[in-house]
Amino acid sequence: MGYAVAPHHSGVYPVHVQLYEAWKKVWNIKITSTEEYPHLKPARYRRGFIHKNIMVLPRQTCGLFTHTIFYKEYPGGPKELDKSIQGGELFFTVVLNPISIFMTHLSNYGNDRLGLHTFVNLANFLQTWTNLRLQTLPPVQLAHKYFELFPDQKDPLWQNPCDDKRHRDIWSKEKTCDRLPKFLVIGPQKTGTTALYLFLVMHPSILSNSPSPKTFEEVQFFNRNNYHRGIDWYMDFFPVPSNVTTDFLFEKSANYFHSEEAPKRAASLVPKAKIITTLIDPSDRAYSWYQHQRSHEDPAALKFSFYEVISAGPHAPWELRTLQKRCLVPGWYASHIERWLMYFPPFQLLIIDGQQLRIDPATVMDEVQKFLGVLPHYNYSEALTFDSRKGFWCQLLEEGKTKCLGKSKGRKYPPMDPSSRAFLSGYYRDHNVELSKLLHRLGQPLPSWLRQELQKVR
Ligand code: A3P
């Protein structure tokens, strides 16, 4: 029937990928159910999700367990079972859930038919005392119906299995929750995030993920479809820390910043993680991004001038509009930060001035170390040096050699033309005003580029 229940009957959440793969391969299972997502209790918040094309529906409980075989031995006496059916908990489970799925054990069916007794009586009671019309469907159709009714539940929201005792019990003993980041560098792109990354990994207690060949080294888990690969996939990018308390794992994915999904997903899996964002003047960011696209030979960026990209109207060709959106939207700083603040408290968020990171990285890195609470204190003034050939700060290696970022960072390109600058100043005006209010509310100083932009408003 395409339906199966896990060996440990709730063992489909937290997800064991191997089980999902095996089910599909061996029996072409398409549907299962769990009591555990997102938590066992309260039961009315149980949700469904789809993972690896297997539809997982929420399951309810009816009070019959493996050891509940005889009517007279029902916990608390048979009256309790009858009460539950006749207007009690089981009755309300059916009334309050549009779709109810129950499981009783074979022993109940086989030995004393307590399961049958329960559900025949429950159906009778419901038909007598309510005007609910009870219906049932075979598993595949039922699952389709479920996600037709609740399409927003299709995407799962992964949590840390170690935060919940039931989840921990179900999860494999071989697995660990230590391979999760303590902080995230969220971007946006082109604000100096790679430099920050390079400086961070110089610290003896800070460890990054291993690079992903697919996404230019970044894992990009929380923002896009990699999320659907599950947390085992994510954790495999991280080393096992030698000391969970003092080691700081982190990950930088510069597209997290403006992602609609990332804050909610990150808060669900790593709620205590610290979040670091770097901001430069959004106009400069947009221009740097455009240059980045050109050097990656993005056909649209090669075809259209910067001014054409930023000023394209609603009837411009689709490729131009798409490029424009990708270029400009990350610069709506206040809206994106507000979204992160819906899920993370302000004390977990650090906003770095990207311009300061560029000209005085040692001071910024001191601030970062303090914010993270990472030890020992690492002296960046000694470890970094200004490389005049590169024109940027770089890591100082032995014998006076330097390790700078590659050619793709700190590119040479002509300055932005004045008409584009003026256009963008106007375009970002309201966003910048909102950002200044936000920083004020957070008690944070305004970066100098923001002060300059605000002066243009007056
Ligand atoms: P440009 O290449 O436009 O100059 P990101 O890593 O987020 O993509 O940001 C790239 C930008 O980081 C570069 O943009 C450069 O200006 C800036 N940057 C800041 N500090 C840097 C450093 N030490 N080395 C190289 N680039 C740095």
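Note: Cβ is positioned from N, Cα and C throughout, glycine not excepted.
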- Could you identify, going by TrEMBL, the member of Cys327, Cys394 that forms a disulphide bond with Cys404? Cys394
- For Arg411 (3'-phosphoadenylyl sulfate binding site), the nonlocal same-chain Cβ neighbours (under 8 Å, six or more residues apart) come out as Ser288, Gln291, His292, Ser295
- Note on the structure: Cβ neighbour count within 10 Å, max among the disulfide-bonded residues Cys394, Cys404, goes to Cys394
- Message: Quick check: of the recorded positions listed here (Lys190, Trp393, Tyr413), which one has the Cα closest to that of Cys404 (disulfide bond)?
- Response: Trp393
- Note on the structure: Neighbour count check, CB within 10 A, over binding-site residues Trp393, Tyr413; minimum at Tyr413
- Ser288 (3'-phosphoadenylyl sulfate binding site), DSSP three-state class -> helix
- Just report the maximum Cα pair distance in Å for the recorded 3'-phosphoadenylyl sulfate binders Ser288, Trp393, Lys409, Gly410, Arg411, Lys412, Tyr413, no decimals. 19
- Could you tell me the C-alpha distance between Tyr413 (3'-phosphoadenylyl sulfate binding site) and Lys190 (active site, for sulfotransferase activity) in angstrom, no decimals? 14
